[in-house]
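Engineer: Dumping the structure here so I can ask a few things about it.
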Amino acid sequence: MAHSAAAADAAPIATTGLPESRDARALHRRVFIGIAVMLVVLPFVLYPVFLMKVLCFALFALAFNLLLGYGGLLSFGHAAYFGMASYLCAYAAKTWGVTPEIAVVIGTVTAALLGLVFGALAIRRQGIYFSMITLALAQMVFFFSLQAKFTGGEDGIQAVPRGHLFGVISLADDRVLYVLVAVIFFAGLALIYRIIHSPFGQVLKAIRDNEPRAISLGYRANQYKLAVFVLSATLAGLAGSTKAIVFQLASLTDVHWSMSGEVVLMTLVGGMGTVFGPILGAFVIIAMENYLAQFGAWVTIIQGVVFVVCVLLFREGIVGLFARLLKKPL
Amino acid sequence: MLTRLLLATALGALAAGTALAQTPVKIGVLNDRSGVYADLSGEGSVVAARMAVEDFKAADKGLKVEIVSADHQNKPDVGASLARQWYDRDGVDAIFDVPTSSVALAVAQVSREKNKAFIDSGAGTADLTGPQCAPTTVHWTYDTVALANGTGSAMVKRGGDTWYFLTADYAFGQALQRDTTAVVTKNGGKVVGSVKTPFPTSDFSSFLLQAQASKAKVIGLANAGGDTINAIKQAAEFGITEGGQALAGLLIFSSDVHALTPKVAQGLVFTEPFYWDLNDGTRAFSDRFAKLSGGKKPTAVQAGVYASVLHYLKAVEALKESGDGTKVVAKMKELPTDDPLFGKGTIRPDGRKIHDMYLFEVKKPGESKNPWDLYKTLATIPAAEAFRPLNEGNCPLVAKN
Amino acid sequence: MITILGVPMQALFGQLLLGLINGSFYAILSLGLAIIFGLLNIINFTHGAQYMMGAFVAWMLLNYAGLGYWWALILAPIIVGLFGVILERLLIARLYKLDHLYGLLLTFGLALIIQGLFRNEYGVSGLPYAIPSELSGGQRLPFMFLPNYRGWVVVASLVVCIATWLVIEKTKLGAYLRAATENPTLVQAFGVNVPLLLTLTYGFGVALAAFAGVLAAPVYSVNPNMGADIIIVVFAVVVIGGMGSILGSIVTGFTLGLIEGLTKVFYPEASSTVIFVIMVLVLLVKPAGLFGRTA
């Protein structure tokens, strides 16, 4: 029943909570191979630019899910790291003329630093307050981006050169760029998988499930939370920077709070707290945005319906559902 | 060997087929269907494009025209990826409309890269024909510099020589203020002050009070969309125009004024390139348009889509091909423009379409006979004076010449 | 003339008054949110859309039924409130046992749907809604011109806020409400129909949003997106006041209106950010908000 103290005994965010067995590891290995195969095959079937967009958002959603699904922290302001990184990367590539990999690094580092500052402020509070602080901080980033000179206001930063990777390989061809984006995505995914299954990840899960107990066991919960926050912001920044190179632009859309909402939607649809869910969620949402574009105003309505249906019927998301059917965590 | 033979036959048949058939042209109308510019462009622009194809009698002239449309949701990445997909996958030859500056600039970039024609009607940024101009871009209807120019100079000439700005605090608003200030001072007027309003703002009362206290004769609204509507609505509430100050809109369209109604917007002065009730040509078009779009009269942006599609098809007809964007746009620049909505005009080397602009004032409720009877024309700004001079835009295409 | 930091005293009074008027909107909206959160534990993201619906229903009553502003002020909150009741029964009631997060996500999705439907039907340019003739014109105060309508907004919202507060603090129904907020199981055991109480509370909170929407219709642009931006600010107000604190939300609403008004004079660019800055500062010093109980 609903009362203010209910938060503690309310059902936690839907995670499968299934035990991690050797069996599951084998399954994960197969899923990884499956993803790798898809990365190679799909560009021959689907439009590469569309795929690159999906990969950028999938990485963004994975980063977000690291914080939500494994840190138990719902950030409602993740657009700040995604968007700010995208701005800095675009600016570096365009104005300073650095090579794309340096630009991506600059963007990612920006997101990491921003994450460090915002994280330090936000993790001092819990639950809904945490969400609200992240939202407020992201709003400030939005207003900063709107007014700062270098972001180009409403026009955004346009005509960002894709440039030459390491100063050698031209990225002008979509297929070449696709390879780079796929590699970044896969590396990001592997890193996140590593983090989740490392001792660090185990402690995180312990804190998520029962913070006082974790503290009494001698873990400094806040340091763990800050670390996962920064990691999540950094990876979101990596996704944002990559997107800036792919689309050759950075704009206010990426720092707006509706972007923060969109990444929540992706994670929710795919399955919160599942390793692979956000990838599928990103695919579904971006495909909707892309292929429903001809239906005009119905896009947001359909998104809304997906939200409602997911919350009411599919709380575990698509991958969460599979995981339950397979009785193995995914 | 057999396959090669088959392939050759197939290719031959294909080539013969195209030679016999009409030249296929596929145009894409890419705009906002769900956000703040949906009424300004939206479905109406698609209707206008269809009317242009119909009026051009494309089929009789050997052109087979197909129109596709999509919603860019005001997101530059969505716009850019749709444009790429249209060009790469769907065989679209030209993209029209595209409101929202950030999306327009992104699509211009993609079009240039893919060498396809991009004819913008909905976006305001003058950068499209300035630093970011391209041999594949035409900017048809208006730009913010032209609006600032028209309203600024015409108001000063009519005695509005002291100005106070309500400026939306981002690049767009600041550019509007900067451009208008330049025109106002050039014409002997003076800017007595300005206030930067956060974007978006729903409550302007505080800023209007500051503007009122400035005693400036003209209050310039360097903002757009919902901000402008809120500012005008609240200015009426605070009796700004009754107090003798004039409101000058720097970016406002007939769909906005219609929504505000003359009762609230009366006395507002602004520049637009088109109004449905200008002459017989515009009236005839607008009546037909209204029948197809639930009684709505076309906005300047929708009129621009109509006129630009018409002119584009003329160029394609002359060239007998539509695939090479640079060639088509060069042809468009070469041919003089002539249509019932904007009259005779030209397209400059930087891609700027040149036509007359008009200074309008919103009628008083007593003067307005029906909900769409909105404007009276105060002045015509001749095409030659209306737009930013060719050499001031920093367009690389011009520098080369 | 006396000046403060270069701003004439009189102008300052004017700005403070305007701030108070804006604060009225914040107060009513945050009051609704606070009541809903306090009792239902739901972060009602649909609040902005319901505020918008209030304004639209007022417009519809005028254009389809010929009923003017005063009727709208009574009918629109009832109509939108009933809509809220239906939403609560059909959808929101299913989420009480779950994490806050799900309520937030569900209402976020509902807001997208409602705003999208209105956009499809009425476009985005906005609809005209005139100030009622009884309240047009204004008073020439020594320091400013005060439109009558703005004066009415402050009075109306103060009355509504105080009345709501009195009902919750001083009546038996209010006592049930407060008790149910503390311990619903116990209240249920005493024979009070708690689910009904929850439904009515949600309906009432939504009605407050619609009331604010009707108040806003004559002065703000009546368009489907009108609630989308204000909702974020109102969230901040509720968080600063202390989630679920009735008095906190009212006082904070008016106070932040004043602070925002002052910012508009001294540093206008920051006037939309100032509330978020205050929110972060408050949460760092007083985690449960100014009036909230520390958990």
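Backbone N, Cα and C atoms are what each Cβ position is placed from, and that goes for glycine too.
Whatever TrEMBL says is automated annotation, not expert-curated.
The model shown is predicted, which means the values in this text are computed figures rather than measured ones.
Reproduced below are the annotations present in TrEMBL:
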TRANSMEM  C:12-35  transmembrane segment
TRANSMEM  C:68-87  transmembrane segment
TRANSMEM  C:99-118  transmembrane segment
TRANSMEM  C:149-168  transmembrane segment
TRANSMEM  C:189-218  transmembrane segment
TRANSMEM  C:230-259  transmembrane segment
TRANSMEM  C:266-285  transmembrane segment
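Show me how these features fit into the structure around them.
Structural biologist: Here the transmembrane segment (C:68-87) has Cβ contacts under 8 Å with residues 46, 50, 53-54, 57-58, 61-62, 110, 132, 156, 199-200, 202-211, 213-215, 217-218 of the same chain, all six or more residues outside its ends.
Sequence-remote contacts of a segment are chain residues at least 6 beyond its ends whose Cβ falls under 8 Å from one of its Cβ atoms, and for the transmembrane segment (C:99-118) they are 40-50, 52-53, 56, 87, 91-92, 224-225, 227-228, 231.
Within the chain carrying the transmembrane segment (C:149-168), a Cβ under 8 angstroms from the stretch's Cβ atoms is held by residues 18, 20-21, 24-25, 27-28, 31, 35, 73, 131-132, 135-136, 138-139, 174, 177-178, 208, 211-212, 215, 218-219, 246-247, 250, all 6 or more beyond its ends.
Remote same-chain residues near the transmembrane segment (C:266-285) are listed as 5, 7, 233, 236-237, 239-240, 256, 259-260 (criterion: CB distance under 8 Å, separation of at least six residues from the stretch ends).
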